[in-house]
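Quick look at what Swiss-Prot lists:
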type: DOMAIN; residues: 6-236; note: domain 'ABC transporter'
type: BINDING; residues: 38, 39, 40, 41, 42, 43, 44, 45; note: ATP binding site
C-alpha cells in the first residue's frame, strides 16, 4: 500500500453560505481500507459524495491516479457506492440486481453470467440468485449490494454507513465479512461511519472529523492510544482528561500536588497549555494507601464485559475506571497507573 490512489487537497464546500468542509486534505493508498469517522453533520458524507461525483467542491483539488478527478462525470469514475439503504430493485431477483450495471453496459450474456455468479459466490449467496429482494434478510440484502458494486470492478468502493440499518449482532458479523472481503479482493474501500468501534475494528487508517475539519488521521492504534486533542480522546472511547496539569520536563508531569512519570517529551518546561489523558482501562484499583491517590467509589455500572466504576479522590477529582471486578458504593480504594498509559497533548486552540 505505497501508492496514493486518491488525493484530496484543501477541499472546501459551502451550502447556502454555510461552510461544511474547511480545507480537507488527505491521501488514500491503493488497497487501503480508510474510514471517515465523525458525528452527524461533520462533513464526512459530503466528502464521500464529492469523491463519488454527485457533488462538486467549491475549491480545492482531487486527484485520482494523479489525474484531476473533479471534471470527470459520475458514470466515468472507476468508483461504486454502497448506500445505507442499499438501493436495490425490489422487482428484480438477486441475480438481476447484481447484473444490473453490466446489463446497462450491454455486456455479453456469457460474461454477465460468469461475473455475476462469481460475485454471488464471493459474498456467500450461491443458491439465492432467484430470490426476490423482499425475501432476504438485512444482511443478505447488504451482500447483494456489495456484489452489485463489485461486479463492476471498481478501483475504489465507497460505503455510506453500510451497516447502520443492521442489528448489533448482525452488524458485527458483517463488519468481519466486509473486512475479509476487502482483504481478499484488494481494492480500496472508503467508508463513512459514526460508529467508533466499527472504525477501529475495520480500518487500516481513520480520518476523524468534526465540524468540517479533520481532527486526526492515523491507524486505529494511533487514534485510540495517542489522540491529538481532547475532542478526539472523548469521541474515541471514554477518557479521563486532566486539564489543569503541568508538563514539568521530559517524562514528568504534575497535577493534584503530585509528580508522575510519563513517556512524553518535547512539551517544554513548566508548560500548562497541555491536557493529560489516562484511559479508564489503564487505571488500576488497589487497596487504600497502595496507589497514587486514595479514593471513594461513588458509582458503579455493569457494562456486560466490564464494570465502569467512578471514584472520587480527596482532591474532588473524579476518575472513570473499567475493571472486571465489582466494587461497592462508598468503598475505600486507591488508584494507580503506569507511565506508558499517560498521554500528554497540547490544548486545543480556538481559532
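Cβ coordinates are placed from backbone N, Cα and C, and glycine is handled just like the others.
Neighbours of the ATP site: apart from 38, 39, 40, 41, 42, 43, 44, 45, residues of the same chain with C-beta atoms within 8 angstroms of the site's C-beta centroid are 194, 209, 210. Highest Cβ count within 10 Å among the binding-site residues 40, 45: 45. Per-residue confidence over the domain 'ABC transporter' (6-236) averages out at a pLDDT of 93.
Around residue 43 (ATP binding site), the C-beta neighbours below 8 angstroms that are at least 6 residues distant in the chain are 13, 20, 21, 24, 209, 211, 212, 213.
Taking all protein chains in view, 26 other C-beta atoms sit within 10 angstroms of the C-beta of residue 38 (ATP binding site). Secondary structure at residue 45 (ATP binding site), taken from DSSP and collapsed to helix, strand or coil, is helix. Taking all protein chains in view, 27 other C-beta atoms sit within 10 angstroms of the C-beta of residue 44 (ATP binding site).
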